[in-house]
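Residues or ranges marked as active site, proton acceptor by TrEMBL: His263. What TrEMBL lists as NADP(+) binding site is Arg64, Lys171. What TrEMBL lists as substrate binding site is His201, Lys205, Glu239, Asp258, Lys361. According to TrEMBL, the domain 'Glucose-6-phosphate dehydrogenase NAD-binding' annotation covers 27-210. Annotation source TrEMBL lists domain 'Glucose-6-phosphate dehydrogenase C-terminal' at 212-508.
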Amino acid sequence: MPTDYVNPLRDPRDKRLPRIAGPSGIVIFGVTGDLSRKKLMPAIYDLANRGLLPPGFALVGFARRDWANEDFSKVVHDAVREYARTPFSEEVWRHLAEGFRFVQGSFGDDDAFDTLAATLADLDRVRGTGGNHAFYFSIPPGAFPVVLQQLRRSGLADPHGDEWRRVVIEKPFGHDLASAQELNGIVNDVFPSESVFRIDHYLGKETVQNLLALRFANQLYEPIWNANYVDHVQITMAEDIGIGGRAGYYDGIGAARDVIQNHLLQLLALTAMEEPVSFSPAQLRTEKVKVLSAVRLPADLSASTARGQYAGGWQGGQKVIGYLQEEGISRSSTTETYAAVKLLVDTRRWAGVPFYLRTGKRLGKRVTEIAVVFKRAPHLPFSYTDTEELGSNALVIRVQPDEGVTIRFGSKVPGPAMEVRDVNMDFSYGQSFTEASPEAYERLILDVLLGEPSLFPQDEEVELSWRILDPVEAHWARQRGGVDQYVSGTWGPASADAMMARDGRTWRRP
Ligand SMILES: NC(=O)c1ccc[n+]([C@@H]2O[C@H](COP(=O)([O-])OP(=O)(O)OC[C@H]3O[C@@H](n4cnc5c(N)ncnc54)[C@H](OP(=O)(O)O)[C@@H]3O)[C@@H](O)[C@H]2O)c1
């Protein structure tokens, strides 16, 4: 049975004490890529800087470039200098960099994997990594199966005695339900399910975890968190940027597969689930699976979904080009850069309450939020003109940026008349806590090294999410006449506004 390092000074019941990873190392496949440079390398340094990695930690990079260990070390150094969250410490860096190795090779190359196995065996000896290795797949999804086969062939997937081997898989996990099931089959053939960590980096965000604290540590919200009081829920992830240099990845995937299938459905699950018996990984997963199983698409998908593609426009004072003009995108592409879906959750708690999910690129603002919008008070003992500017009460969890929670409610406008207008009450992480929030990848990489699976979606959750999205994709594939356009810097296509208007509602303008 693999065991984790146990800090003898730590009371395991005290979650406030720092959790420090035991002897271990991480191999990053695709280490020369964008994700690795901007997120993974800085997160590893930040963990080391916070004293959360073991003294002999090892980082092995694997890619095709002809780099020596020193070249690799220089690339990590530059990435850390540019993107790390915590201040640079020469001493921490020197210590960490002693554990860096680079293995050159292609995924189809048996010799490269044999070299990797020899490198890890050597690190076990000189750095004391104890045969505990995490394999991080920061690679094109098409390469997942071949790397898994290589790990099996070279024996790297098989721990001996108390050692552990874990695999970390980046999104996208499949392209639809069938491909996700196939991939789950391949992964589970090589690694047991408790050793598979599927990344949804949204779950590593403090604000997302705070959703559980907000709901289940307080008495205030849970009594009204249901169909008796909630009118609808809006979950938004808006980006103000375009696809950048990621045409190869994005075209053919689109906004719904890229964001709704994973991040937004996970946020829906955490918003709508019942209270878990405990926060153990199994109990948390049980509740998420229950709610994802209860999600239903409305019958008329033309009326309850919308998609669009950004056209040129202005953003942040700059003129920007449309999706079809981006480098590497076919002029006839029908990939959506905006997607909106209405979902229902068939449980007693949520009967009849729509959940509206939307995401898009080149929208008015970069913002991710969950807005729980409440029903109007059943009776307003005011004249109509007094409450003309009164909206609905709302509780908004601001996931990013400006992390926090806002409650919107009606308040009397100062003066002789009884005029009521919406005001906001704000909680802001930045103002309430002195500790800065760690980056999502810091939390998630540490959890992998600790063998803590709570924040990683399991195979069933991934498959249920595809089961929800597949009919929408099939519906869009059948539609003729291309995709609606929206001007960059606005809030999406007119069809998305029409979708809400049909229900007598409007999208929030965060
Ligand atoms: N970028 C992001 O912000 C982001 C966010 C979420 C998820 N992801 C996911 O994370 C993964 C990586 O994304 P990325 O943006 O970093 O990709 P990327 O910049 O295209 O990097 C891909 C990496 O894979 C390596 N690679 C490709 N084919 C290879 C082969 N046959 N043998 C050996 N190495 C090979 C490349 O190394 P060489 O060319 O040097 O050999 C490169 O290091 C993808 O699955 C993506 O969907 C990315």
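Heads up, the Cβ atoms here are built off N, Cα and C, so glycines get one too.
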Sort the binding-site residues Lys171, His201, Lys205, Glu239, Lys361 by C-alpha distance from His263 (active site, proton acceptor) and give me just the closest. His201
What are the non-local neighbours of Lys171 (NADP(+) binding site), defined as same-chain residues 6+ apart in sequence with CB under 8 A from its CB? Arg198, Ile199, Asp200, Asp258, Asn262
Inside 10 Å of the Cβ of Lys361 (substrate binding site), count up the other Cβ atoms and send me the figure. 22
Identify which of the following binding-site residues, namely His201, Lys205, Asp258, Lys361, place a Cβ less than 6 Å away from any atom of ligand 1, and list them by sequence position. none
Rounded Cα separation (Å) that holds between Arg64 (NADP(+) binding site) and Glu239 (substrate binding site): 32
Neighbourhood of His201 (substrate binding site) by C-beta distance under 8 A, where only residues 6 or more apart in the same chain count: Lys39, Ala440, Tyr441, Leu444
Simplified DSSP label at Lys205 (substrate binding site) comes out coil
Give the sequence-ordered list of residues that share a chain with Glu239 (substrate binding site), lie 6 or more positions from it, and have CB atoms under 8 Å from its CB. Thr359, Gly360, Lys361, Arg362, Leu363, Arg366
What is the biggest Cα to Cα gap, in Å, among His201, Lys205, Glu239, Asp258, Lys361, the residues listed as binding substrate? 21
Any idea what DSSP makes of Asp258 (substrate binding site), helix, strand or coil? helix
For Arg64, Lys205, His263, listed as recorded positions, tell me which one has the smallest number of other Cβ atoms within 10 Å. Arg64
Taking all protein chains shown into account, the Cβ-based neighbour count within 10 Å for Asp258 (substrate binding site) is 23
